[in-house]
């Protein structure tokens, strides 16, 4: 038996040697198609334990590929995961054998090589940090990519998504959810499901549902909600937004306003749902939470679910992972402009202006992206003619769980109020951690797109995976003088990427609601706003009180119905001391 085991190990090693020497995938490791769907009938049987040979094989492969065991299981599209409903042929025809790989980067040479190879092969960079880069590509292209990379990168990658078509298919609302919407609608007054979550946030919603939902909120809560139009898209659609606040009569002072936007990149569905969740939570909690009431009395909030309606609709109808808007370019077969690379401040489109097929194409000129131009003109008009003072801007994206502050285009110079930007960002990160124990990293936006800057000290500019000029973050901060501007990249850290399961909608919304509450407290001043009352914000509706009342039904003295958990109650000990000292922001503002 011992001799047999030794021979088995040698056989596996002999078969595995080509894997480490040849930069390519084996079809056995990354199947083009998932296994047949399991039976729909309740004939479940216990899974047989793994045999000695199977466990030995898995261990050897994991060690050869340097893949931690926990990363080999429960992955989207993992070959051991049998889909209940296999992806239709149309999705497989569009996405083929695409996978998503994560490359671990350690030095400038690796970053430069990866950036150059991605540009040469027109690859889709999903996300990047100072430690890793996620890239979507076809399995057939993997050997070509690895052949352009140094040897250190040829073995420092792992698959995040093995079967992109299946993962995309699973990201769309299920047929059961669609049936629920057809029967119950999407009214905020709809009875809650068994988990007390409003049905609107049980799944991602198409634009055709979001707009009527916004109108309904406006009609139900007209005393504090208005539906406004930011501008028009390339295809002629309105860019709707909700303006929330309690407007005092005859107040000559400029109204302090916070802008929260999402969906600049069409495929980032979680950003759209999160904007809606935070807006809904502020609206419905106004009469039940003194902190929310004070916040809406001091500030107006502008919530823009998606700056890119054309692209968002396109992700629902044609291509789930489309990024740009849908306007024409010089190449008819490569439409679209990246709406977060087309803003006028430090626009660096000269480098990529001749490549409309790039996922980060900024257009031929600053503000070539129609929706970004409309947004900027609306913002300027608000300050010039509508007595508005923008005090904060939050641009929601996905993914990688990062809180970024200016500047994006360069790490030099530092923003004038760097200390305050960092202080508030750290406070937001703490609020998120106490909400659902998720960790968000805080950094300058330039560092978030550069590799290992803290590890490698050099006077030379560090190479970048993506272009970073022309961002909305920098424009609002510099040109519009919005002192507290942030880009927040939401869940997750790459297990699903842009295809985040619907179960994450409510937890992510809870995290960003508390982030907005911390932002409001910081802007109001510690004495003016007071500590957040976590217990007040975390109440669930009592039995029989599942309906959300409209303006005419609200009882100012009843605070029992607040509909959501905004904090993980398993972390009580950590939160009890938080109001006393950890939440005590140091008042170090630079006047």
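For all residues, glycine too, the Cβ spot is worked out from N, Cα and C.
Among the candidates 237, 323, 326, the one that Swiss-Prot lists alongside 265, 266, 267, 268, 340, 341, 398, 399 as binding substrate is 323.
In this structure, the C-alpha atom of residue 265 (Zn(2+) binding site) lies 5 angstrom from that of residue 323 (substrate binding site). Long-range neighbours of residue 267 (substrate binding site) (same chain, six or more residues apart, CB within less than 8 Å of its CB): 315, 320, 321, 322, 323, 498. Cβ neighbour count for residue 341 (substrate binding site): 29 (other Cβ atoms within 10 Å of its Cβ, all protein chains included). Cβ-based crowding with a 10 Å cutoff singles out 265 as the top-ranked of the binding-site residues 265, 323, 397.
Applying an 8 A CB threshold to same-chain residues 6+ apart, the list for residue 357 (disulfide bond) reads 122, 331, 334. Looking only at the recorded positions 341, 350, 381, 386, 399, the one with its C-alpha closest to residue 268 (Zn(2+) binding site) is 399.
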